[in-house]
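S.K.: Here you go, one structure.
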Amino acid sequence: MASIAKLSIRGVRSFSPEDEEQVIGFCFPLTIIVGANGCGKTTIIESLKYAVTGSLPPGNKSGQSFVHDPKSIGQTNVKAAIKLRFTARTGASMIVMRCMEVTQKKSSQSFKALDGTIRMMDPNTGERVVMSHKCTELDKTIPSLMGVSKPILEHVVFCHQEDSSWPLQEGAVLKKRFDDIFDSTRYAKALVAIKDSRKSYFSDMKDMKAELEGLNSHKHAANGFKNELEATKDNISAVDDEIQKFEANVVEEEEKAAEARAVLVQVQEFSERLTFKQGDLEKEDAVLEQVQKSLGEKDMTQTHSYEELKQMLRELDDAHHGNQASRDLQEKEAEGRSIQSTLERLRRKTNELNSVRGKLDAEQEAHTATLRTRFTLMEEIHRRHKIEIECGITQDDDDGLTQGTTTTLSTFLTASTNDYTITTEDMSAFTKALDDREKDIMRRVDEARRRHRDEDDTIQKEISDLQAKKSAVVIDRKRNEAAKDEARRELQNISTQSSSAYNRVKKSDVDEAKRAAVELAKSRDEMNNDPRREEITRDIRVQEDRLKTISVKIEQDTNLRNQLRELSDEQNEIDMLEKQVAQEYEILEEKLRDASYLLQTHHESHVKITPDDPVIPLEHLLDNIRNKKLNADDDVTRCNDSVAEVMKKQSEKKALQGSYQQRMAQLTQKKNILNRPEGGVNKINSVIRAIVRYDKDTIDHDRINDNTNPSEVLTYLGEQIKDYSSIDIKPEAIKRVLKRLKKMAQANMECPCCARAFLENDEINAFQSRILELSDESVSELMVTQDGVATARDAIERYEKWRKTISENIHEHIEFTRIVAEIKETEALLAGEGQAELKEVEAELKLEEEKLADKREMSNELQGLLQTVTSLHETGTRVWEKRGQVKEKKEKLELQSFAKIDDPRNLKTVEGDLATASSEKEAAYTQINHLNNEQKTLNEKISRVTNQASAAERTAREKEEAYNRDQLSSKRKDELNNLLQKYNAEEKDLEKRFAPIRKSLMQKESDRTRMRDTNSHEANALAEEMKHFDKDYERLREINDRVDFFVKSRKSEEMQEIARKLTHNSESIRSEEERLKSMKPEIERLKKEVEDSDRQKGIINQNLDLLKHRRKVDKLEEEIKQLTREHHGMGGKEASRKAKSAQQAIADLKEKIATQRGMREGLAGQRRVLKRKLNEEEYKDVEKRHRAKMIDYETTNLVVQDLDKYYDALDKALLRFHGIKIGEINKIIRELWTLTYKGQDITSIQIVSGQESSARANRSYNYRIVMEKGNSQMDMRGRCSAGQRVLASIVIRLALAETFCLNCGVMALDEPTTNLDHENKKGLAIALAQIIASRAAQSNFQLVVITHDEDFVSMMKNELSSQTGFTMPERYYQVSREEGHDGKFYSKISAVDWDEL
């Protein structure tokens, strides 16, 4: 069960937003919070209420005044936080935290509620879980966790002081509060919703019943159509069996035809393969011829085999066996790369060494700077701290110093060398001097500290003695002042409570009041015994018996009236059906007249209908139109077949044209691929154009042009290469040949060329002269200049390159030429007879489509007419069925009128009798009310006299008590006046003792402050001197460490080693560069030798290609021979004969199938008509819809019955719940009122809701609080005192908490004693003590009482101490205003031991 454990507040109202949060823990079973007015007690209730419900206090809807005012602390915004630890109804401990913020704007403040959090322990993992919620979610979550509704928490458990008297507020406010607490509005709305739902379902049920009757008639018609449909399906199945039989035969024949076609396809494939092979052979022959022409005399295939040529090529490519120059070149290049790698490695090493040397140079410079810094620092230390040392420098007579001489640091530094180097002995002497100086400073600091401490202890002891004397005097003064205040308060209370001399009660007044009380009591008893009271009760009972008799008669007449009304409704329904039949028959005739033109068009204008039987003529008409529609559909089907046949022809023609176009596209694509810019065709054309341009520039003839065949170009290139090859002969070789010829002619005396003998000397002289001319380079025709040789070589290279390009791509050029020719043939086919035939087929198709359109128009017209006639038939059927319903209902009505009603009265007479009985009933009610009013008047008189008697008794008792108090107060006044005189004398004596002590204490404190300032200044000076010395000494140590580290690292030796390595690397780099330079001429020579062997490789490769082409040609010829033999043995003629025979059989079978399908189409048309009929809106899924509608109707009927039951059950449950709860609350209220209220005028109070006079639960209760005075009741609002109002509100809240807070035992009372007198306060204390004692067994019962009334708290303590069965609280809480660090007063909560209460 739920309870609260601890609350912390910060920044709310008077609680500080900056100091630590104020915490209060709630005890079991009682927590008392005490404090003066305005200290912040009510803020605790407001915080509890806001934590659990999120509701702001009354008058704080915007929330600005709920948070601490930012202006009071000089800030622009203030944040507030409220945390509550509570136990949920499940037993889990949780903490809810809500935060708020108020921002001060220019002229207003804005309030913002921040998101809250709930913190709990996960029961599975044991880990702390924090969940963040929006404020609205938190407002719903916390009441649910505590198991109490939000209205109970707001108005009962944590009710604000300003709102505590809500039970006695005006009716609208009271009604809203009680409606929220009882949650009755929600259930009243539920009853209205149930009633509205029942009305809606009942209306739907009536509509469903009418629809169900219409669906029933459609269901019968649909069943007839379904039977016809089944018969049609059986006929279609028989036709389908015949079609399947013929189709099976077609399949057998098609298999035979397929076998024959497969053979023909194989023959066709062989023919195509043979054609392709022959085409490949022609291309290879052309390529072979071109290659032979391009080689010319360089053809080595006759003298060398393929393996020999490959061996020659390998020898040229082999770097180890065939070509020494290539091998030497590779070795030299490898050696050069090795030298280059060595050079790179040496250069990298040089760079690394240079980098290291630079780093060492930088370190050397840094070391020099460090020495200079040390030297400068030592000078500064000597000058700043006045250091003197014993120098260990030994100097000759010329220098002026000797061993062991004591000198100052300046003399020592002057003796140092110019590089700032200081020896180890000198540095040690300087360090020793620094250590001595450090010890001296520390000694001075310690001496000063001891002296200051001693002085401070002495003066502090004197001040303590004086403070002790002062405290003793102050305590005595406070004690005296407290005693004097207590005496004054008591004296003031006695004066306030005591009556004045004029109003003082006398003994005679007491006796007179007692006599008046006795007389009023006697009058009260006489009125209570009046016999008229019993007579009124008896008359009321007689009228109630008469009322019961009239009610029975009214109930019987009401049942009779309902039966008569049912018969009247049946008659009205019959009249309505007859009217509908007449109207629908008129509509039927009107529709038939509208359709007369269409019926006349189709020769069906003879239809005549009568009111008695409109169905049969319409059925005949419907059958005729349906048959005509079927015939029209058959015509459309035949036209569709004709159109399909013509479209098939058109498709075949278009397919043929498409195949040509597809072939054309394929050829064009191949042509484009071959004719691409980087393709072989364009390469050959480019070569031919280049040859034409070159020949025009060099030879100037037109043998080759742009259209020359590539084979002729290859022949021409071979001739040109041969011609230019003969030019490449050196002059020295020609001279040697001519010289040899000259010698041979002289020796043999004949021409060495033609072997003609020289007969005369002139002939031999002429021969020798000719040889000399030929040997002369300037005039010889045989001698060729160097420019001519270069030109010839250039021409040969060009022709060789062009010939190679043409040879490699000539097969693509041949394929391109063939494709161009095939494209021309395909274009001719496309432009021939195919277009004319296609146009004829299209014209035939147009005629058939026009014919089909006419037939479809006729079919659509009949379809529309069929729908119209169908609608007429359905309307006629509906008229005929409703006539039958009218007849059936009339017969049923006659039977019911004789069977049910025995009373001869009619409906009008029965209604008149009911009106008379109702008037008698009202008269009985009026008589009963009159008697009740008379009884009420008597009770009010008795109550008034009773109240007067009670008041007289109370007045007598009060006067007697006042007389006794006056006597005691006079005696106590004298005692208190004597005490005050004594306290005043003691106060004067203490004041005389206090003045000299205070003066001496102030003087000593001033001396202590002055002494501490002086000592502090001295200590600071010594500390500053020590700080500077330590800092300089530490810097010197760091510099010495760096100097020592550099000396020990031996950097100078490392720099020498690096310089030596750099010199060695430079020499190695120079040596390797000279080696690399000397190798370059040899590498260039070897490269030139290797290039001369590439030309021989090209010739061998061309011969290898020639041999490959020859082998390919031989292979193709052998394959063609083999395919030709296989083609002759495949049996193509026999396969062709079988295919024709199978095709004829298939055609005969398809004709039979077409006949059967025609029959099937007729049956299918009939089936479609029936299906279309069944798919119409009236008949489609009619059984399903009928079944669904029947289920909906029965279900809705059950829903209506269930809603009636639910309505009655909820109504009775609400009535019972409300009555029980009101009874429980009033019972608790009576007990608590009797216990707490000590007056005699109000016997008890109770809550009245206006339910007592109703037999059904009210939709709206009118709550009010009434009080009983004697035997009468009256509204308490406006008739009770302020104290009675407060007490009644507390009692009602306690009763509501007892009734509704089953899961939460918390109850908070804020200032419960407001306006209560002493006796009622005591009664409230007694009641609360008894409640605490009886509820202490509940583990979660918590009562929180907040009050400023210490007398009431004392009463509570006394009453609790007299109770048993529970443990007294350990503490109570005191709320007060205390001054904060900023001088402002804030609310503080402190726990006080219970025994100090």
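Residue numbers in this text run from 1 along the chain shown.
Note that Cβ sites are derived from N, Cα and C of the backbone, with glycine treated the same way.
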S.K.: Give the range, chosen from 315-368, 477-530, that TrEMBL lists as coiled coil.
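M.R.: Comparing 315-368, 477-530 with TrEMBL, coiled coil matches 477-530.
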S.K.: Pick from 3-23, 276-296, 948-968, 1242-1262: which range does TrEMBL record as region 'Disordered'?
M.R.: 948-968
S.K.: Which is it, of 560-594, 595-629, 630-664, that TrEMBL names as coiled coil?
M.R.: 560-594
S.K.: Which one of these stretches, 719-746, 803-830, 831-858, shows up in TrEMBL as coiled coil?
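M.R.: Residues 831-858 are the ones TrEMBL records as coiled coil.
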S.K.: Among the residue ranges 96-137, 138-179, 180-221, 222-263, I'd like the one that TrEMBL describes as coiled coil.
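M.R.: Per TrEMBL, the stretch marked coiled coil is 222-263.
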S.K.: Mean pLDDT, the coiled coil (1069-1159)?
M.R.: 73
S.K.: For the region 'Disordered' (948-968), give the DSSP counts of helix residues, strand residues and coil residues.
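M.R.: Per-class counts: 21 helix, 0 strand, 0 coil.
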